[in-house]
Amino acid sequence: MAREQIQVLNALDVAKTQWYHFTAIIIAGMGFFTDAYDLFCISLVTKLLGRIYYHVDGAAKPGTLPPNVSAAVNGVAFCGTLSGQLFFGWLGDKMGRKKVYGMTLMLMVICSIGSGLSFGHSAKSVIATLCFFRFWLGFGIGGDYPLSATIMSEYSNKKTRGAFIAAVFAMQGFGILAGGIFAIIISVAFKERFDAPPYELDPAGSTVPQADYIWRIIVMVGALPAALTYYWRMKMPETARYTALVAKNTKQAAADMSKVLQVEIQAEPQKEEQKANSYGLFSKDFLSRHGLHLLGTASTWFLLDIAFYSQNLFQKDIFSAIGWIPPAKTMNAIEEVYRIARAQTLIALCSTVPGYWFTVALIDKIGRFAIQLMGFFFMTVFMFALAIPYDHWTHKDNRIGFVVIYSLTFFFANFGPNATTFVVPAEIFPARFRSTCHGISSASGKLGAIVGAFGFLYLAQNKDKSKADAGYPAGIGVKNALIVLGVVNILGFFFTFLVPEANGKSLEEMSGENDEDVGTQEESEQSHSQNNNRTVPYV
């Protein structure tokens, strides 16, 4: 029989949804709002960077970032995020969630501002500065993943925990949306003030010197929401589960949660700490209890992000194909920023944001497992629906159909594994490994994002080298790349079966921490009776 639940944790599990839950969602969610803004705003300005710093006199088309520079600018933040997820995930279990939470935010504020500055005026110095600060920006963003998820799961009640963690993650959608809307406002303001002819009429004059301010302002504004949230993050008490189960201070946990829940919680008398229950992360015990769970959360996140981030590659082709973005030479630099921002905002508004909130609404009703399976299933279906008749979709009359199906794959990624892979690792591991295991799972996701964003950039190139993008080798073509993505989604569907359902259960029940202590108590009772037997002479 499991030991009695610590009273303060029981109070959290059965607490009614109240104001502090929403405060926690906003405080943790603003971090994710900033993460998404910072990670995705770079795609709004890469074309502008190419025009400003890689302009070639006499070229038929505007300047673009060379493949290696484009990969560095887009990918360096992912590399930083992966490192930050592992480091801060581990640190969150060692030092406590709250102490580390402020560090990640300050790093994001400083590096957002740093990204918009540059040492020198040459292309090399500007890109080098941007990449340096975006790596450390990603490092801070990486820390936000395990910490936000863990803090929200440890603050929540049993009944609505999935919705609360998913709501934090759903703030990503608003971050992407805000990036697009802000870029529209800035580009319209600059376009009114500094109008310029299109590239084909005046290649040099189409990029006004003031355009250099646009990308810097867009990148630096990411510091604002993070800075505004810092004070509130520092006011949050440490989570009761960390204080009670890891720091072993039930008195402090009860005092903290009494204030938060505004009810009187009695602190249990401090029990003598027993060491038999504290198996390590790399122990056989962990492997037998949670090894397959960790493989499940890490593999599904890895496979999802390959598909999710490579889909972003096709956006520019799709936007151009349906006429949302005209050929680059027919626009000036500021007009191009406006068109790209408008297109990304429409996709975010129509498919990305609704998908997240469908998950929030239904995750505690139909469960994590069902949503994740359904998401992978429909992503597979729609990916093959794009891939198999790909030649049919390339005809001008069929482009709207292509966009609809493409949007549906995004919708089912967000009303599916993109949300659930974030929620589940924060629920199924013991408190002392929770942040670390979430960090490992999310880092494997970012590894998938790197594979998706760069592997497929090369893979999706035309089979004919002369038709591939400038500087790229021949690939397998978009059709075959989409078929590969469909197979990746099928694998995600099957790996989902390794992940347990956490719906409606307490965190201690899911992680088996109650049973750990039982085993410990039985062992200590056995050793106690053996000691007694040794001291009492046999008659």
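Here, residue 1 is simply the first one shown, and the rest follow in order.
Glycine is no exception: its Cβ is also placed from the backbone N, Cα and C atoms.
So that you can see what the record holds, here are the features copied from TrEMBL:
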- 20-49: transmembrane segment (TRANSMEM)
- 24-504: domain 'Major facilitator superfamily (MFS) profile' (DOMAIN)
- 69-88: transmembrane segment (TRANSMEM)
- 100-119: transmembrane segment (TRANSMEM)
- 163-190: transmembrane segment (TRANSMEM)
- 213-232: transmembrane segment (TRANSMEM)
- 346-363: transmembrane segment (TRANSMEM)
- 369-388: transmembrane segment (TRANSMEM)
- 400-419: transmembrane segment (TRANSMEM)
- 439-460: transmembrane segment (TRANSMEM)
- 481-500: transmembrane segment (TRANSMEM)
- 508-539: region 'Disordered' (REGION)
- 510-524: compositional bias 'Acidic residues' (COMPBIAS)
- 527-539: compositional bias 'Polar residues' (COMPBIAS)
Top partner of the transmembrane segment (69-88) among 100-119, 213-232, 400-419 - counted as Cβ pairs under 8 Å: 100-119
Per-region confidence, the domain 'Major facilitator superfamily (MFS) profile' (24-504) (mean pLDDT, whole number): 88
The transmembrane segment (100-119) and the transmembrane segment (481-500) contact flag, 3+ Cβ pairs under 8 angstroms: no
Residues from the same chain, set at least six apart from the ends of the transmembrane segment (163-190), whose C-beta lies under 8 A from its own: 21, 24-25, 28-30, 32-37, 40-41, 44-45, 148-149, 152-153, 155-156, 210-211, 213-214, 217-218, 221, 334-335, 337-338, 340-342, 344-345, 348-349, 352-353, 355-357, 359-361, 363-364, 414, 419, 422-423, 426-427
Residues from the same chain, set at least six apart from the ends of the transmembrane segment (213-232), whose C-beta lies under 8 A from its own: 23, 27, 30-31, 33-34, 37-38, 41-42, 44-45, 48-49, 52, 102, 105-106, 108-110, 112-113, 115-117, 130, 137, 179, 182-183, 186-187, 190, 334, 337
The transmembrane segment (346-363) vs the transmembrane segment (439-460): 3 or more CB pairs under 8 Å: no
Tertiary contacts of the transmembrane segment (400-419), as residues 6+ beyond its ends and Cβ separation under 8 Å: 166, 169-170, 173, 300-301, 304, 307-308, 311, 314, 318, 321-322, 347, 350-352, 354-356, 358-360, 362-363, 371-372, 374-376, 378-379, 382-383, 385-386, 393, 492, 496
